[in-house]
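Novice: Feature list, courtesy of TrEMBL:
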| type | residues | note |
| --- | --- | --- |
| TRANSMEM | 123-143 | transmembrane segment |
| REPEAT | 224-262 | repeat 'HEAT' |
| REPEAT | 378-416 | repeat 'HEAT' |
| REPEAT | 417-455 | repeat 'HEAT' |
| REPEAT | 456-494 | repeat 'HEAT' |
| REPEAT | 495-533 | repeat 'HEAT' |
| REPEAT | 534-572 | repeat 'HEAT' |
| REPEAT | 573-611 | repeat 'HEAT' |
| REPEAT | 612-650 | repeat 'HEAT' |
| REPEAT | 690-728 | repeat 'HEAT' |
| REPEAT | 729-767 | repeat 'HEAT' |
| REPEAT | 768-795 | repeat 'HEAT' |
Amino acid sequence: MALTGNRILCNNQFSLRRPILLPSNSSTTYWSQGRRSQFTVLAAKKFTSGKNKRSTSISTKEPVKEEEEEFQKINISIGGSEDGGGGATAMIDDGFVMPQLPGLETDFWEGPQWDGFGFFVQYMWAFGVLFSLIACGIAVATYNDGAADFKATPVYKEAIQSQNLLEEPEASGSDVFESNPTEEAPNPSHLLLINFCYSQSINCFLDIFTLQETMSVVDEPLYPIAVLIDELKNEDIQLRLNSIRRLSTIARVLGEERTRKELIPFLSENNDDDDEVLLAMAEELGVFIPYVGGVEHARVLLPPLEGLCSVEETCVREKAVESLCRIGSQMRESDLVESFIPLVKRLAAGEWFTARVSSCGLFHIAYPSAPEPLKNELRTIYSQLCQDDMPMVRRAAATNLGKFAATIEQPHLKTDIMSMFETLTQDDQDSVRLLAVEDCAALGKLLEPKDCVAQILPVIVNFAQDKSWRVRYMVANQLYEFCEAVGPEATRTDLVPAYVRLLRDNEAEVRIAAAGKVTKFCRILSPELAIQHILPCVKELSSDSSQHVRSALASVIMGMAPILGKDATIEQLLPIFLSLLKDEFPDVRLNIISKLDQVNQVIGIDLLSQSLLPAIVELAEDRHWRVRLAIIEYIPLLGSQLGVGFFYDKLGALCMQWLKDKVYSIRDAAANNVKRLAEEFGPTWAMEHIIPQVLDMINDPHYLYRMTILHAISLLAPVMGSEITCSKLLPVIIAASKDRVPNVKFNVAKVLQSVIPIVEQSVVENTIRPCLVELSEDPDVDVRFFANQALQATK
């Protein structure tokens with residue numbers, strides 16, 4: 001390197017670090033090595049010339065060995081001259097320590113030793129592709145070898161031997177629910193094959209092909225069973241639900257003993273599942289007696305159902321109670337005493353209200369088979385449930401009181417049960433009192449008439465005036481049942497006034513319930529009482545401010561005509577009928593129309609046609625299409641009642657008019673109506689009055705109406721017979737195949753297909769088939785599809 005003639009300080013070793021310039025008389029350069037160092041002062045000989053006195057240099061071409069020897073000079077005394085050229089060297093120790101500069105240490109993860117590893121990581125994808133191609137090649141070349149090799153292995157032989165489990169399910173002592181169910185389940189064709197594939201470990205493709213090949217050879221029905229058992233503990237709710245719904249299949253395979261010892265305990269421990277799964281379990285266990293060994297082992301089904309009776313979901317508890325009742329009704333009397341009655345007592349004493357609610361539905365099963373001391377205890381427990389702190393428990397007790405009372409002896413019925421009933425009727429919760437209303441009818445049938453009048457009738461009268469409209473609603477729904485229990489005299493003096501108050505109740509919901517039962521209540525009464533007390537209320541309800549009240553009345557008022565007789569119907573009911581037929585609410589009109597036949601039986605067709613037919617014709621053109629649809633549905637009935645001539649004069653034009661209605665449902669119903677009229681009045685009448693008018697509409701400008709006529713023709717053809725179909729209907733159908741609208745043309749193909757069974761084969765070959773061949777070449781794809789479909793029917 002080229003240097004100037006200034007002095008340079010060098011340490012005893014040559015270093016490539018950056019030089020450090022120190023201030024001096026001349027520029028000085030230091031090479032530091034770390035700690036305190038001794039420096040050698042080298043004086044370079046100055047070479048001057050007259051031309052360029054600044055050009056002083058040290059040759060860089062000297063041998064390396066000589067340069068190193070110079071740098072290794074130490075402790076040279078100051079002033080010593082080496083070459084007489086004016087240079088001098090000296091040992092200097094100024095006490096300065098050079099610091100260790102950061103970043104000078106070599107990192108372990110840097111260097112050429114990692115180059116090979118980096119290359120592998122960079123091109124790892126290429127190695128993966130290469131290995132995959134090799135594996136695919138091996139799999140394709142050897143996939144047939146796996147199945148053949150598998151048959152010779154001990155795994156396959158053990159799989160075949162395990163088929164005997166179907167005939168001897170008790171032979172296995174393992175518990176499929178204590179370990180992995182798929183390991184113990186008798187499934188040789190799939191699960192053991194997986195173990196074989198693991199042991200072979202050739203590659204994934206070989207495993208798949210071996211599995212498919214072997215499954216096609218081994219006929220083993222137990223694989224689905226193992227899957228079902230495995231799915232009982234699956235995290236997916238749908239899989240668990242699917243498995244629970246097939247518990248009977250699992251039980252048949254496991255056998256009766258293993259079902260009792262393994263499956264049922266497993267279900268008992270897993271009652272904290274989702275509500276859907278628990279509901280399915282409760283339903284399945286109700287029919288599980290044949291799978292546990294019959295009624296002598298039915299008691300093993302009680303523990304899982306007892307757990308389900310305590311869950312929070314109402315529908316699960318109700319289904320569990322239903323299953324317990326079904327099982328208890330089949331159990332032996334000794335098992336009921338030993339197992340079922342203790343279960344009822346445990347539930348009734350449960351800390352959580354859900355168990356006590358469920359227990360109320362089981363007393364009527366447990367009580368008949370209980371010995372006398374237990375019967376007294378059960379009656380006492382039920383009485384406590386009727387006074388429970390939780391309203392939900394009292395509601396359950398009120399709901400099931402009638403069932404429980406049906407199993408009680410007559411002496412206890414008048415004392416214990418009536419005491420419970422009185423407690424429930426005076427409950428401060430209206431939800432409990434309204435359920436007690438249902439018990440009135442049930443208890444009234446069990447008591448003698450005099451006891452019923454003395455104990456039940458006052459409760460009914462009070463309930464009819466209860467402050468809660470929901471209680472009055474329940475009374476209005478069931479009052480007619482009480483009439484049969486208390487007798488005609490009490491009905492006339494007490495229940496009729498109560499029913500009149502309900503018909504005039506302030507709440508519309510109560511009036512709706514009372515109006516819906518007016519016909520049933522009038523059947524119990526004499527016509528005179530009905531006309532005197534009930535009919536005035538009916539007139540008021542026909543103009544009630546609530547449309548739902550009028551609709552409820554319209555649905556039953558026609559049934560009053562046979563009860564009141566012809567004169568009262570004409571005089572009292574017909575004005576109400578006409579008023580309701582003109583009601584602005586469509587449902588009211590529909591309910592009147594649907595019961596016209598009941599009025600016809602009483603007043604006759606002449607009076608019906610004079611009074612009600614104009615209103616019916618007006619409704620046939622109602623702006624609400626549902627009203628028109630209801631009229632169409634009752635046209636054949638009216639036709640049979642009015643007669644052929646009268647019907648055609650009054651309603652014939654309407655039947656044709658409906659074929660051109662704007663609503664498709666009306667047009668479709670009108671086409672079916674034409675068919676039903678042809679069936680009612682015969683082909684001759686239809687040929688004279690219906691067919692000509694129908695065929696005239698085939699040329700209507702609107703294609704939707706033309707399609708409706710084609711539909712009507714397809715319905716009329718079976719009724720009219722082969723001769724009329726070939727002479728009158730078929731030419732019209734063939735002409736319609738030339739229509740410009742594709743929708744009409746493919747409907748022609750469908751109509752021709754429906755006509756083929758009716759006409760003779762010669763007509764099919766000469767007329768229908770050529771038309772279909774022509775349609776099969778139509779540019780429209782739908783026309784071609786239906787034409788080809790019809791052609792298939794001609795072969």
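FYI, residue positions are counted from 1 along the chain as it appears here.
Each Cβ is built from the backbone N, Cα and C atoms, and glycine gets one as well.
Any TrEMBL annotation is an automated prediction that lacks curation.
Show me how these features fit into the structure around them.
Specialist: Proximity of distant same-chain residues to the repeat 'HEAT' (378-416), defined by a Cβ-Cβ separation under 8 Å and at least 6 residues beyond the stretch ends, is recorded for 341, 344-345, 348, 353, 356-361, 363-364, 366-368, 370, 423-424, 427, 429, 431-432, 435-436, 438-439, 441-443, 446-447, 451.
Residues of the same chain lying 6 or more positions beyond the ends of the repeat 'HEAT' (417-455) and with a Cβ under 8 Å from any Cβ of it are 382-383, 386-387, 391, 394-395, 397-399, 401-406, 408, 462-463, 466, 468, 470-471, 473-475, 478, 481-482, 485-487, 490.
With a cut-off of 8 Å between Cβ atoms, the residues of this chain six or more beyond the repeat 'HEAT' (456-494) that come close are 421, 425, 430-431, 433-434, 436-438, 440-441, 443-445, 447, 449, 501-502, 505, 507, 509-510, 513-514, 517, 520-521, 523-525, 529.
Non-local neighbours of the repeat 'HEAT' (495-533) in the same chain are 457, 460-461, 464-465, 469, 472-473, 475-477, 479-480, 482-484, 486, 488, 540-541, 544, 546, 548-549, 552-553, 555-557, 559-560, 563-565, 568, 572; each lies 6+ residues outside the stretch with a CB under 8 Å from one of its CB atoms.
Same-chain residues lying 6 or more positions outside the repeat 'HEAT' (534-572) and placing a CB less than 8 Å from one of its CB atoms are 496, 499-500, 503-504, 508, 511-513, 515-519, 521-523, 525, 527, 579-580, 583, 585, 587-589, 591-592, 594-596, 598-599, 601-603, 607.
Within its own chain, the repeat 'HEAT' (612-650) has Cβ neighbours under 8 Å at 574, 577-578, 581-582, 586, 589-590, 593-594, 596-597, 599-600, 605, 658, 661, 663, 665-666, 669-670, 673, 676-677, 680-681, 685, 689, counting only residues six or more beyond its boundaries.
Counting only same-chain residues 6+ beyond the ends of the repeat 'HEAT' (690-728), those with a CB under 8 A from a CB of the stretch are 655-656, 659-660, 664, 667-668, 670-672, 674-675, 677-679, 683, 735-736, 739, 741, 743-744, 747-748, 750-751, 754-755, 758-760, 763.
According to DSSP, the secondary structure content of the repeat 'HEAT' (729-767) in residues is 29 helix, 0 strand, 10 coil.
Remote same-chain partners of the repeat 'HEAT' (768-795), defined as residues 6 or more beyond its termini with a Cβ less than 8 Å from a stretch Cβ, comprise 730, 734, 737, 742, 745-746, 748-750, 752-753, 755-756, 759.
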Novice: Run through the repeat 'HEAT' (495-533) and tell me, per DSSP, how many residues are helix, strand and coil.
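Specialist: Here the numbers are 32 helix, 0 strand, 7 coil.
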